[in-house]
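As structure tokens, the structure follows; a few thoughts come after it.
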Amino acid sequence: FGSLLGICLLTQIITGLLLATHYTADTSLAFSSVAHMCRDVQFGWLIRNLHANGASFFFICIYIHIGRGLYYGSYLNKETWNVGVILLLTLMATAFVGYVLPWGQMSFWGATVITNLFSAIPYIGQTLVEWAWGGFSVDNPTLTRFFALHFLLPFAITGLTLVHLTFLHETGSNNPLGIPSDCDKIPFHPYYSMKDILGFALMIIPLAALALFSPNLLGDPENFTPANPLATPPHIKPEWYFLFAYAILRSIPNKLGGVLALAASILVLFLIPLLHKSKQRSMTFRPLSQILFWTLVANLLILTWVGS
């Protein structure tokens, strides 16, 4: 799935650049600039749908990639793993600031709710939030800086990806048995290149199908209404790929406690290399660990479902 993530990143950067050429980062114009893009720009609708749904596929791939890393003990390549977790955090930040850009209702209120969480930090929280907003509420300065960040972060992700690959190259990749595979090495081309092309095809076909047949399936209908600071949507929720974390956040009555639990649900990945005590690397021959692993997967799916 690493190669698929690379393709996702490339697709997102290309479609994103094309979108940025027509986008206006201003509260009075952002919503209509996106509408203009879908109506008046050649293939603008397609580029936007690919970009919006490409994000979903990016997260599907990264979650499977992490799950596979957990299952096969890839986290024992500590540097690679830690850079990977930082990549995940950067990707989540990018997706969040990107979701705010169309300036629909859910964009505005999502931005308000999530940035407001920083106010739970003792002593400096409120100052931090007002500093992030550039004022006393989510407004034009917020949109402008979010656009700047959304433009910048994917290139940071590209840089981190190269670091990720450099560290991986030090050790070589892992395999399902978790044993050294030096004696089984084969040329990248044609073997791996063919395997990767198959993966690309298997990902691009559903992505194209989603973007062409039901582009709004995963989006929130609230976002077709321009942002209105005076009208709160009945239920504020993020895109599906953040729902598991959002469910954790909302299940804890205390604000700071919820924020800490939300952060911990992602940052726990940093601890995993330290928690590995088995003599075997992968879970292939460890049924008990397999049960726990699949329970974790089921848990995340249930949280995603509950969060919506």
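Glycine is treated like the rest: Cβ placed from N, Cα and C.
Here is what Swiss-Prot says about this protein:
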- 1-21: transmembrane segment (TRANSMEM)
- 45-66: transmembrane segment (TRANSMEM)
- H51, H150: heme b b562 binding site (BINDING)
- H65, H164: heme b b566 binding site (BINDING)
- 81-101: transmembrane segment (TRANSMEM)
- 146-166: transmembrane segment (TRANSMEM)
- H169: ubiquinone binding site (BINDING)
- 194-214: transmembrane segment (TRANSMEM)
- 256-276: transmembrane segment (TRANSMEM)
- 288-308: transmembrane segment (TRANSMEM)
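Overlay of Swiss-Prot annotations on the structure.
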{"residue": "H51", "record": "heme b b562 binding site", "DSSP (3 states)": "helix"}
{"residue": "H65", "record": "heme b b566 binding site", "DSSP (3 states)": "helix"}
{"residue": "H150", "record": "heme b b562 binding site", "DSSP (3 states)": "helix"}
{"residue": "H164", "record": "heme b b566 binding site", "DSSP (3 states)": "helix"}
{"residue": "H169", "record": "ubiquinone binding site", "DSSP (3 states)": "helix"}
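Within the chain carrying the transmembrane segment (1-21), a Cβ under 8 angstroms from the stretch's Cβ atoms is held by residues 37, 47-48, 50-51, 54-55, 57-58, 61-62, 64-65, 68, 150-151, 154-155, 157-158, 161, 196, 199-200, 203-204, all 6 or more beyond its ends.
Counting residues 6+ beyond its ends, the transmembrane segment (81-101) has Cβ neighbours under 8 Å at 23, 25, 30, 34, 55, 58-59, 62, 66, 69, 74-75, 107-108, 110-111, 114, 142-143, 146-147, 149-150, 153-154, 156-157, 160-161, 163-164, 167, 238-239, 241-242, 266-267, 269-270, 272-273 in the same chain.
The transmembrane segment (45-66) shares the most Cβ pairs under 8 Å with 194-214, out of the stretches 146-166, 194-214, 256-276, 288-308. With a threshold of 8 Å between CB atoms, the same-chain residues lying at least 6 positions outside the transmembrane segment (288-308) that come near it are 63, 67, 70-71, 237, 240, 243-244, 246-248, 250, 278. For the transmembrane segment (146-166), same-chain residues at least 6 beyond its ends with a Cβ under 8 Å from one of its own Cβ atoms are 5-6, 9, 12-13, 16, 20, 23, 25, 80, 83-84, 86-87, 90-91, 93-94, 97-98, 100-101, 111.
If you compare Cα positions, H150 (heme b b562 binding site) sits closest to H164 out of the binding-site residues H65, H164, H169. There are 20 other Cβ atoms within 10 Å of the Cβ belonging to H51 (heme b b562 binding site). Here the CA atom of H65 (heme b b566 binding site) lies 21 Å from the CA atom of H51 (heme b b562 binding site). Within the same chain, residues at least 6 positions away in sequence whose Cβ sits under 8 Å from that of H65 (heme b b566 binding site) are F1, G2, L5. A 10 Å cutoff on Cβ-Cβ distances gives H164 (heme b b566 binding site) a total of 21 other Cβ atoms nearby, all chains included. Using a 10 Å Cβ-Cβ cutoff, H169 (ubiquinone binding site) registers 10 neighbours.
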